[in-house]
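Colleague: Sharing a structure, written as structure tokens. Questions coming.
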Amino acid sequence: MENILQDINKNFISLSNDEIRRNNIILDSVVQTFVGKMKEKDPLFNLMYRRVFYGGSFYDGLRVGKPKEFDLDLLLTLPNFAQPVLTTSNIPGFVFLKLENLDAWMRQPEAQRVGASFKKLLDGRNYLSTANVLVWMEGLVHRAANDLPARGSKRLLTTPVGTFEVSIHKGGPAMTLHICDSEIEIDVDLVACFVFGSNKWPTNRFRSNPVNSKPEFFIVPKKPRAPEDQPIQRYWRLSFQEQERVLIDNKQYLKPTVKLLKQLRDNLGHNFIASYYIKTVILHAVDERDDSFWRRPLSHVFMTILKDFKTYIERKKIPYYWNSNNNLLSGIGERTLENMNNRLRNVIRDMETRPETMWEYLGIKYTMYSKDSKKQFKELSEV
């Protein structure tokens, strides 16, 4: 079993260092150039912009397959003088943000140029509105893109590392830049988020910050599942990505295990299990086990975590790492989870009694070549 998993990890679910290096250079150059255009077009964005956070599975080291999609958070700040106040909502994992001293800030010099635009991000009671922020962000991205030279239906973005064709698409809370040239084609999701320091860390049953070197957290304009009579546009999802990245780092077989679990999920067709649910199982495992566990053989780590994962599915509950009141599986039907639990039980049994079935369960086949006694691998499907 160990040799099989090591082969799969090495040949299929790990990205080459050359690909990682190339994509990092191109992506950083494109994003910094485009953000510069956005700052030129909008004084409010220029005032609030802090930095880019390179988020998602690629930068966490958890991506399976070719790196073609990237998640970037544009971190913005709110004027302190306006007294932004975060309060936990009735939905675990979500908060409200209200500007308690907006009128006084509007009289400050810095508000003279941007005050009217800033008020458009709020609702009638001075709560920061996800809907309004998304509309503002969509307009800004299009204005920045429209300033670029055109080539047919696309725009040309010239950066220090080359010129790329860019087109804009909208998807959920993100504005997607589709970037391509003769050698590369990638999608970059840009999401406007707001960043806060440790003085605003949420309480009320939220876990305290376990990573002192990362005091900041974000709020993201992602809507919750909530009754129609609720003010949905006031709900902001909390994000502790920087802390999570530190918690899962420098643990030898942790990231290969996550990739194997994602590969298994995809091949079994369990697409209702979000990658973040798997990451949350891992975060709980980090709490429950010391660092030496992740240095044990990959087969031991993978099978142990797979059994942990099955237990969560059997109990129909994966507690949100940062607030256990939030069950990440609450939106999935009981019958669906029962069927998944039964399937995982059979998978675990087969893997333990017949390790060669791992190839099939992970969607990979291999052929033995007697000529040189080496295995040659071929993916059944690209993830």
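Backbone N, Cα and C atoms are what each Cβ position is placed from, and that goes for glycine too.
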Colleague: Let me know which member of Lys251, Lys255, Lys262 Swiss-Prot also records as binding ATP at the site of Ser57, Glu69, Phe70, Asp71, Gln241, Glu242, Gln243, Glu244, Ser275, Tyr276, Tyr277, Ile278, Lys279.
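Modeller: Answer, per Swiss-Prot (ATP site with Ser57, Glu69, Phe70, Asp71, Gln241, Glu242, Gln243, Glu244, Ser275, Tyr276, Tyr277, Ile278, Lys279), from Lys251, Lys255, Lys262: Lys262.
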Colleague: Write down the one residue from Asp181, Asp189, Asp229 that Swiss-Prot lists together with Glu69, Asp71 as binding Mg(2+).
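Modeller: The record-listed residue among the candidates is Asp189.
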Colleague: Going along the chain, which residues six or more apart from Tyr276 (ATP binding site) have their CB under 8 A from its CB?
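Modeller: Within the chain, Tyr276 (ATP binding site) has Cβ neighbours under 8 Å at Leu328.
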Colleague: Should any of the binding-site residues Asp71, Asp189, Val286, Asp287, Asp290 have a Cα within 10 Å of the Cα of Ser57 (ATP binding site), which are they?
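Modeller: Neighbours among binding-site residues, in sequence order: Asp71.
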Colleague: So if I measure Cβ to Cβ from Asp71 (Mg(2+) binding site) and keep only same-chain residues at least 6 apart in sequence, which ones fall under 8 Å?
Modeller: Gly55, Gly56, Ser57, Phe58, Ala174, Asp189, Val191
Colleague: Sorry to bug you, but what's the C-alpha spacing from Lys262 (ATP binding site) to Asp287 (Mn(2+) binding site), rounded to the closest Å?
Modeller: 21
